[in-house]
Amino acid sequence: MNKKPLEQIKNVTNVTGYRQVSLWKREDLQHPQPDELAEEIPVALVYNGISHVVMMATPKDLEQFAVGFSLSEGIIEHRREIFGMDVVSVCNGLEVQIELSSRRFMGLKARRRALAGRTGCGVCGVEQLNDIGKPVQPLPFTQTFDLANLDHSLAHLNDFQPVGRLTGCTHAAAWVRTTGELAGGFEDVGRHVALDKLLGQRAEIGEDWQHGAALVSSRASYEMVQKAAMCGVEILFAVSAATTLAVEVAERCNLTLVGFCKPGRATVYTHPQRLIAG
């Protein structure tokens, strides 16, 4: 199979995350106009030579995505358990080739064997309903967050969506300091992928999870809550609503879940004791 380094790939627009196209506007169907579309391509995560999952994603920040996915899915517990990564072009997509520690790879293979022997229920690729909820250690209560500082974060979330500003087609995930300042953020066509990129970047730079919160531009699904909790995030802010299962998972793992985050507004679903009204 022909493979080449990511920086040599021509069909992902030098990893800008978007592609220029021609299209037609309603008021003028005779003359095409230039515009931009967000890139969405298959990205396979391959652990020690075995393909584990294929996700549709924006072809940017894929190493951070791989680290975040590995942590939030319980494949690893620490960044140091990944020994190396390469991003290569294959067929019509990309592979992130990840070298895992032997112990973690054995655990991943055991989990795959357990899933392969069951009758599938077809829920989002999970083999049985009981497998939807991953075991998450209850989070500690180590911090407080003044909601008066959230408005600043919301006003600047779009700063981390350059592709979104061009295309109107990406989700964002950013880290909010307790002061309300944003300390890094990522975008992707997939809301889960954007969050994984953020979680991966936090792990890459060795930052702790006890000083701040995650902010996402999307709704809060149970997967988003579970991913955040798996990495030790105590507070998750979402611009849109939360689902019932998200609230149940957040309650069970002691995560403070807040939805409908707009300037001057926030709806707290679980564990408000970490928050200061404002």
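Residue 1 is the first one shown; counting continues down the chain.
Placed from the backbone N, Cα and C atoms, the Cβ positions cover glycine too.
Note that this is a predicted model, so its numbers are computed, not measured.
Feature annotations, courtesy of Swiss-Prot:
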{"type": "ACT_SITE", "residues": "C121", "note": "active site, cysteine persulfide intermediate"}
{"type": "BINDING", "residues": "F260, C261, K262, P263, G264, R265", "note": "Mo-bis(molybdopterin guanine dinucleotide) binding site"}
Which are the residues of the chain, F260, C261, K262, P263, G264, R265 excluded, whose CB is within 8 A of where the CB atoms of the Mo-bis(molybdopterin guanine dinucleotide) site average out, their centroid?
L150, D151, L154, A266
For C261 (Mo-bis(molybdopterin guanine dinucleotide) binding site), which residues of its chain lie six or more apart in sequence with Cβ-Cβ distance below 8 Å?
L150, L154, L215, F237, A238, V239
Just counting, how many other CB atoms are there within 10 A of the CB of K262 (Mo-bis(molybdopterin guanine dinucleotide) binding site)?
12
If you skip the near sequence neighbours and keep only those at least six away, which residues in the chain come within under 8 angstroms of G264 (Mo-bis(molybdopterin guanine dinucleotide) binding site), Cβ to Cβ?
D151
Same-chain residues at least 6 apart in sequence whose Cβ lies under 8 Å from F260 (Mo-bis(molybdopterin guanine dinucleotide) binding site):
A238, V239, S240, A241, A266, T267
